Every structure is written in structure tokens, then in C-alpha cells.
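Everything on this sheet refers to the single structure shown next.
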Amino acid sequence: MYRHNVRLLKIFNFLIGFSLFAPLAIIYFSRVSGSYTLGASIFGITMLASAIFEVPTGIWSDRVGRRGTIILGSWARVIAFILYAIGLSYWWLVAGAILEGLSRAFYSGNNDAFLHDTLADDHLEHDFHEYQGKVSSTEQLAMGISALIGGIIAHFSFTYLIWLSVVSQIILLWLSYGFIEPHSRTAANPNIFLHLREAIKLFIYNKKLRLLSIASMLGYSISEIKWEFSSAFTATVWPIWAIGISRMLPSFGASLSFYYSGKLIRKFTEVKILLFDSIVGKFASFVAFGIPSVFSPIILSLPSLFYGVGSVAEKTLMQQEFSDHQRATMSSLNSLGGSVGFAIMSMVLGGLADFAGPAQAMLILTVISLPIIYLYWLIFRNEQKLVA
């Protein structure tokens, strides 16, 4: 069974990444809404909606099943993209953002738990990092391909661009019905509030998980909004037809990084990779945004070579700390913090961009993200003490 589910997950993640309008979404949203602030707020609303739905969908997944959760998320995603494509006003975008947030919530903790449980059925959970890297690499590959194609199509018509994105998501919905429900789920506590309380207690009393979660929440809230907003910055140094290239390069780099993440993690360990990835990413951002030039998009693409392995390393460490019967709930609690942070940072970034320009706004967010390096260093230091 695991081969069937893993194969479908690769295709499924490819279709998630194959969103032709995503690389230019900030430009489209800003055109419809009339400003960077309102355009960026669509990303914030998506994440705020995701935050609201995170815990209920995580509990749903743990109590009802992984496959059905994927299907519900796919339905929400298709309807969201249709609303974006209609896009008659800002409020159509808001409605789409809420449904996309719901879709993200259904996927966030569930899909990693689905993969873990699928592997556990065949006693392969110790190879989670290997399979996680492989199934995630296809999403990044699709993002690179769609970025290149999307940039070319956008040069002629944003309308065609968005409706073609709807088609790919309809295929994704059809594919979601092909998954097989894994069996490796311990029966959840029948009391939802006790179930949630147990998950929160583990976050509170497990120091390693707590540090990982804080770093993950802060990193996600800042890095994701910077990624979504990057096209607005690139448009200030490159022509619009080339924006797709600026998104293609890091996506291909991340795809390679995901694919080889298993080998890299075995050689260097998860914590060392997280620390190195964080340092390289911050350094590249300071150079690219501090001295904006035609080379900035290329400089920003370099850290993508470590993004995939860093992401897998983080998820692997967390899956090791999560309890079996609350795996999706605990992952959703972590995503909840990241989604709330993203919603806040989207408004901050949009306001700063309207006031000082995209480059200065992105530079300020990079400064705010510096504590992440310290958090990973604390985890590294604690592990070194245990080894000693």
C-alpha cells in the first residue's frame, strides 16, 4: 500500500505546486484591490483562516481519517481558485482566501501524518525523512515549471493564467479520491478537549519541541510572506516577463534539495542542517535587499539549495517528538502559530512596502527573523551536551 500512496502523493504535491498564477499572485491581488497593503492582506487572510481552522481540522484528521481530510481540502482549494479567477472585486479575493485557508488547514498537519502512518503500516517510519524529501521535491519542481510558464502567459493575459490554474486543481481533486487510508493510528481520546489539552501539554513540557515550534512558527510567518511578496520586489529590478524565471530558479533548487535531503540528513544531522540553512538564508537576504540590483533575484535563489533539506530536517525532528495518536493535532497547533504570525507579517510587509518600497520592507523582515538562528543554536548546543 505504501508504494501506491507515496506515488500518488508525489503527483498530488506536483499539482499543488503547479499553480500558474501563484508566482504572480501579489501583482494580481494588488491590481484587483488597488494597493500592496490590500494585495498582501489576501495572503494574511488566507493564513488567518488557516489558523482558525488548524486545530479543528487536525482533530478531525486524528479522529476521522487522513484520506477524507485530503479530499475535503481539495474541494476547498478548487472553489477558492474559482473565486480568485472570477475576481470581480477585493471581496471575491477575500472569499477565495478564506477557502484556501481552510484547504491549507486540512492539508497542513494531515498530509505529513498521512505519509508517516502509511510508512508505519509497513514498518518504514524510520525512513520518513527519505520519503518526505522525495514527495516534497515534486511540488518544488512543479513550482519552478509553473513559474516559467506562468510568467510567459501573464505577459499576454492574467485571465488565462488564473483559469488554467483552476484546471490543474480540478485534476488534483480527482486524484485525491485515489488515496488509501492507512491503519497506523492509535485510537484518539474520545473527549476533544482532553485530546487538545494533552497535545498542548506536550508542547509546554517538551523543551526541544518547544524550541523547534517557536523557530518554525517565526520562520514560517516571515519566510513565507517574503516568498509570496518576492514578485513585487523582482518587478522593481526585472521586467514582468522575467519574474517567472526568478521564481523558477529557487523552486528547482529546492526540488533538488528535497530530493537529496535523506542523504544529507544522514551525513550532517538535522540540527546542523537547520542552523546552516538559517544562516545562509539571512545572509543572502541582507545582500539582495540591502543592495538591490539586477543580481538580487539570483542571489535570493541560492539559499533554495538548502531549503528542502532544512524543511525535511525540521519535520523529521518534530515527527520524532509527536505522540502517535495526536500527530496531526500537534502539527496543526504548530501550523496555527505560523499562520497567525503570517497574517500579522503580511499586513506589516504590505504597509512597509507602500511606505518605503518592497526592498526596504523585505530587509526589515529579515532583521526581525534573526532570533531564529539563536533558537536553532540552542537546540544544537543541547544536543551536543547530550552527546558529551
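Glycine is no exception: its Cβ is also placed from the backbone N, Cα and C atoms.
Per TrEMBL, the features are as follows:
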- 1-384: domain 'Major facilitator superfamily (MFS) profile' (DOMAIN)
- 12-30: transmembrane segment (TRANSMEM)
- 36-53: transmembrane segment (TRANSMEM)
- 74-93: transmembrane segment (TRANSMEM)
- 145-175: transmembrane segment (TRANSMEM)
- 297-313: transmembrane segment (TRANSMEM)
- 333-353: transmembrane segment (TRANSMEM)
- 359-379: transmembrane segment (TRANSMEM)
Listed stretch, out of 36-53, 74-93, 297-313, 359-379, that has the most CB pairs under 8 angstroms to the transmembrane segment (333-353): 36-53
Cβ-Cβ under 8 Å with the transmembrane segment (145-175): same-chain residues at least 6 beyond its ends: 8, 11-12, 15-24, 27-28, 31, 71, 74-75, 77-78, 81-82, 84-85, 87, 240-248, 251
